[in-house]
Amino acid sequence: YYTPKYETKDTDILAAFRMTPQPGVPPEEAGAAVAAESSTGTWTTVWTDGLTSLDRYKGRCYDIEPVAGEDNQYIAYVAYPLDLFEEGSVTNMFTSIVGNVFGFKALRALGLEDLRIPPAYSKTFIGPPHGIQVERDKLNKYGRPLLGCTIKPKLGLSAKNYGRAVYECLRGGLDSTKDDENVNSQPFMRWRDRFVSVAEALFKAQAETGEIKGHYLNATAGTCEEMMKRAAFARESGVPITMHDYLTGGFTANTSLAFYCRDNGLLLHIHRAMHAVIDRQRNHGIHFRVLAKALRMSGGDHVHAGTVVGKLEGERDVTLGFVDLLRDDYIEKDRSRGIYFTQDWVSMPGVFPVASGGIHVWHMPALTEIFGDDSVSQFGGGTLGHPGGNAPGAVANRVALEACVQARNEGRDLAR
């Protein structure tokens, strides 16, 4: 499984693993173990090996390089033949590549840093239900970032008071409001009551402002059937956007919802709740750039991507690296931004990155400069925490955004 002379094919899925072998385990042995366990290998030779062509189907560790400044840590590059994976299934891809190998005894730690998804595989996926340009057309909003707000407190409001907060924020000038990730259907506010109150608030704000408004109605539920029922009710109520927690809900459920949203004209907002459990440790886990690629394949029109400047962790260059992986068609390899492979998405639509978490109007120049127009700035406490109330908070955000966009268009340096 360690084959340093192997020449990768255009159809191979390539993986870059950050590998920390146990003391005494050579990196070549550890890299071979990763390739074997994540493809055709098992702990012994079996008789049925002779009934297939292992040479055709096995993963190959084709390169190993030491990590600069780290003791006994390496980047292992592994190539997987395309035939190992079911078409259009992120679930199967992850089950194969990361399903068992992270518990391997020969490794002290293992991190999946990046994946190269070949066009031959990415073309089998639905991708975002609509994408950046179609969303702008649906909402009739161009030339600036979109502006949103997560309704707070995230838990405890009644449906009526929740709808009131939505109305005040939309009436004040926001493009959309949002359910928090853990707002599903709790005793204090059942989902149907919330959906009805939000729809009423949204239509009232639209009538008074003359702008198209949105709210991300969280359809995440305990079963796929219940999730689809909630998404259908969101469509019937006339709210243009639904929402899913894609890591806690699962990739199979997410892809099913993405198909429904595409077929029924709903935009799909994605929250990454639980991501830090998977991606926060540098040496062990799955980097968010991999989860971002997986989301683009599974389907979502926008996804939370960190802020660089807010309360949640995120390095600027690395964050902008996976923002480009979400939005752009073709992304060149750039190790300084953590991009290990050139990625060609061909014609797959892009995904809006959402900046959210501890941001307020003071951050608006930096957010506008860092993320550009094709992004969503999501202010929760930065709207609802305004001393004058919810509507003045929304007004402040809208005025700040329009001032920053005008200054940028006039050639001002927003970074200063």
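Backbone N, Cα and C define each Cβ position, glycine as well.
Annotation source Swiss-Prot lists substrate binding site at Asn100, Thr150, Lys154, Arg272, His304, Ser356. Under a cutoff of 8 A between CB atoms, and with a sequence separation of 6+ in the same chain, the neighbours of His304 (substrate binding site) are Ile270, His271, Arg272, Pro353, Val354, Ser356, Gly357, Gln378.
According to Swiss-Prot, the active site, proton acceptor annotation covers Lys152 (among others), on the basis of similarity to another entry. In this structure, Lys152 (active site, proton acceptor) belongs to neither helix nor strand by DSSP; it is coil. Sequence-distant neighbours of Lys152 (active site, proton acceptor) (same chain, 6+ residues apart, CB-CB distance under 8 A): Asp180, Gly380, Gly381, Leu384, Gly385.
Around Lys178 (N6-carboxylysine), the same-chain residues at least 6 positions away in sequence with a Cβ under 8 Å from its Cβ are Gly148, Cys149, Thr150, Ile151, His215, Tyr216, Met243, His269, Gln378. Look at Swiss-Prot and you will find Lys178 tagged as N6-carboxylysine.
Feature annotation from Swiss-Prot assigns Mg(2+) binding site to Lys178, Asp180, Glu181. For the recorded site, Asp180 (Mg(2+) binding site), the DSSP three-state label reads coil.
For His271 (among others), the entry in Swiss-Prot reads active site, proton acceptor. Within 10 Å of the C-beta atom of His271 (active site, proton acceptor) sit 28 other C-beta atoms, taking all shown protein chains into account. Under DSSP, His271 (active site, proton acceptor) is assigned to a strand (E or B) in the three-state scheme.
Annotated site 'Transition state stabilizer' per Swiss-Prot: Lys311, in sequence order.
Largest CA to CA distance in the substrate binding set (Asn100, Thr150, Lys154, Arg272, His304, Ser356): 37 Å, whole number. Put simply, Glu181 (Mg(2+) binding site) is 29 Å from Asn100 (substrate binding site) when counted between their Cα atoms.
Residues Lys178, Asp180, Glu181 make up the record's Mg(2+) site, and a Cβ search at 8 Å around their centroid adds Thr150, Ile151, Lys154, Asp179, Asn182, Val183, Tyr216, Asn218, Met243, His271 from the same chain. Counting in whole angstrom, Lys154 (substrate binding site) lies 8 from Glu181 (Mg(2+) binding site) by their C-alpha atoms. A sphere of 10 angstroms centred on the C-beta of Asp180 (Mg(2+) binding site) encloses 18 other C-beta atoms.
Around the Cβ of Lys154 (substrate binding site), 13 further Cβ atoms fall within 10 Å across all displayed protein chains. Taking the binding-site residues Asn100, Thr150, Ser356 in turn, the residue surrounded by the fewest other Cβ atoms inside 10 Å of its Cβ turns out to be Asn100.
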